[in-house]
Structures are given as C-alpha cells and as structure tokens.
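Structure, as structure tokens:
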C-alpha cells in the first residue's frame, strides 16, 4: 500500500492536475539584495527569546563570574572565548533567519513557463497547489513560510525560518555555537561556585549572595537545557547532511531518487568547497564549486530545472 505522500505525488503526475490557466503570473522580483524575513508571530517571539537568553548568559558570565575574579588572565581568557562564541552564535542565528532557505519562485506554474520547459511526450511536472509553483524534486511546501522550499529539512521557530538548501550551514553553526557557549557557561559557573564556597561570598561577586546564587542557578538551568537541545540538534543535522536525507524525507520515508555521494562530498555541498576555516564562519557564503551536483528532477526522465 502506498503512503499518503506517494498518493499525493501520483495525483500531481496527472496531466490535468496542473491547470496552468488557474495560476497568475509570478510577481516581479524586487532584487537579489532584498532581505528574507518571515512575518510569523510565534517565530518572531522565539527569535527574540533566543537573543534575550544569549544576552542574559553574557551578562551573568561577564558581570557575575568574570569581572569579580581575582585572576585577570583567567577573566580575560574566558571572556574573549565566551564573547567570541556568543557573537558567532548570534551572527549564525541572524544569517539562518534572514537568508532565503531555497524558496521556489511562487506562481510560476503558468502556461508560458510550462511551455518554456519543452517537455518531451510522457514527461510530467510537479505542481504545488498551495503556492501554484512548479517545484523540483525534494522540495516541500511550508505552511508557515507559505512557499515551497528546496531540500527543506524542517521549519524552526527559533530561527523563524525554514532550514533548507541555502541556509542549512548557518543553522548548523547556530546549534554548534549555542552548545559550546552553554558548555562553557556551565564550566565557569561550576568553578565560580567552588571558589565562592571556599571564599567569602561578598568578595567573589559584585551582587549580594542571594542575587548571585539566583543568577547562577538560572544560568545553570538555561545552559544545561540548551546544551542538551542544541547538541542533539547538531548531531541530527550532521547525520542528515552526511546521509543526504532531510528530516522530512526521513519522516515520510520517501523513495530515494537522487544520486548517492560520499559523506565528505555531502558536507562540502552544504558548507562549501573546498574545506577551509570558512566552514566555521557565518559570514562566509558557501562556495559549492564542483560539489554543487544537485539535479532537481522535474519529470520522469532526468530533466533538470533551474528555479533561481
């Protein structure tokens, strides 16, 4: 018995299903430099909360833990590391949130566009009835973004965006750096507790002992929670990239119809070609080079379509 996803695709293969006359021409593009931003209330709130929690951790680490420390070298060394990782985490979050994840042009399922594909007899195309677009293989429709996203993994409210072909690198870096600053914060808090127990509490913090304890306990709870969450998400994303199978494809158990590549090549497709320190930079846009080998199948034969 076929799954609901397969039955839906069979319906999309029918020639009469497209109905290009029902699709309006796609709106003119306003330019490649237009920032991508999803106007979703829940996602915006989650994004603001993410920045607030990182800035709270910054406040506690700097003003409660590091500045009152007697060892200047210890404070300087850990301050540079923590603030550097926090900056990279927020930069990665901003890039993941404001980067087009790989949206298929909306409303391109017009008669003129279908004729321009010059399909051979027997070839059919996929159409999304929700956004009226001809979508390539491995693209899925997101009900929040209201667009079909190429190689969509999932929609993440914490970055208020889909995680797809064009922004997966930034999302992976975001989870990595959040996990690192969470782990670092837990270590700093543990050392601070030990030092304060051995010394007078009034000498190891600029705040009162009760306020210091509350701030540190809240940071411990936040750090432990986000360390577990982001570490699991980071591992899941790396496994998904290496296996070249998105979260939606794994969930729906979709039939694999794309070429199989090595795990190293799959990593280069997402992070850039060749391997360099820019893999760890949220400011470096991935240069796929020879690693960009995706062929988005439109019909039953190996016809590819450029959706950019």
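Glycine is treated like the rest: Cβ placed from N, Cα and C.
In TrEMBL, the annotation transmembrane segment applies to 42-66, one of the ranges 17-41, 42-66.
Within the set 146-169, 170-193, 242-265, the record from TrEMBL flags 170-193 under the feature transmembrane segment.
Beyond the transmembrane segment (42-66), the same-chain residues lying 6 or more positions past its ends with a Cβ under 8 Å from any Cβ of the stretch are 74-75, 78-79, 82-83, 86, 89-90, 93, 97, 144, 157-161, 178, 181-182, 185, 188-189, 192, 205-207, 212, 215-216, 218-219, 222-223, 226.
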